[in-house]
Amino acid sequence: MQNPSLPRLLLLSFTLISVFNLVLGDEGFCSAPSILDQTDSSSKPLYWKVTSPTLSPSHLQDLPGFTRSVYRRDHALITPESHVFSPLPDWTNTLGAYLITPAIGSHFVMYLAKMQENSRSELPPNDVERLIFVTQGAVTLTNSSGISNKLVVDSYAYLPPNFDHSLKCDGSATLVVFERRYAFLDNHITEHIVGSTDKQPLLETPGEVFELRKLLPASMPYDFNIHIMDFQPGEFLNVKEVHYNQHGLLLLEGQGIYRLGDSWYPVQAGDVIWMAPFVPQWYAALGKTRSRYLLYKDVNRNPL
């Protein structure tokens, strides 16, 4: 005789499998199918999720009051739904969202600049250095000598303190901007640099599996650097870092888990993280695609 509970068990098993597949989704960890974007991500521009982020799972996208953003004494996670844009002071036709500032405990500023048609930048304050990284569109950088460079997605420029320059955009562009008051050293000066990520060599990372590129020289004149770090799915940091340096991070691609202090945060492209000195930190890449993040780090100065 057939067990009368067998059909119920089969139905329960089928239901659990369906729920499990919904939670995992096509993208992997904590990712239900998006209701906003059903197109092939391979056809999208590089770093498209930085400027067109999606919340995941999809059933949380319109939940009133929902945010993944967190602020703590020694770290902060600032997710795209929390970004507040307003006219960027002294820039023309440009909206800005300040994500990390000294008010949070940092010694640098990190912000997004959304340049619109016929927009133009302004100079930073005296003795402040600036680095810009393009995540969408293109801008033209011109110095006081009239020399111009076109910066497209994945390219960047370092502007030394008190370096006369301007950025112009005829269409639209999104920039990640880092600024800090330069820590001068006798007999050392920085130079104007224009480059792109793909032109920077891969560097050795003893004991680690991630790929590392640095956008600035490692020499003494430079008091910070920008690291581009790539992780394949399943790769993670071997070292559980605790150090005196500060970080400002933008996840450009992919998703994963970031440990900050005693908390573990699911993160994805478009998320920004501030890390104070000595906060324990660790990352693991999840999903089915590469993780890439851009990381500010202060270097070459005595912490005293």
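Positions of Cβ are set from backbone N, Cα and C atoms, glycine also.
Feature annotations, reproduced from TrEMBL:
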- 228-294: domain 'Cupin type-2' (DOMAIN)
- 1-25: signal peptide (SIGNAL)
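Secondary structure of the domain 'Cupin type-2' (228-294) per DSSP (helix as H, G, I; strand as E, B; remaining residues coil): 0 helix, 39 strand, 28 coil. Regional average pLDDT for the domain 'Cupin type-2' (228-294) in the model is 97.
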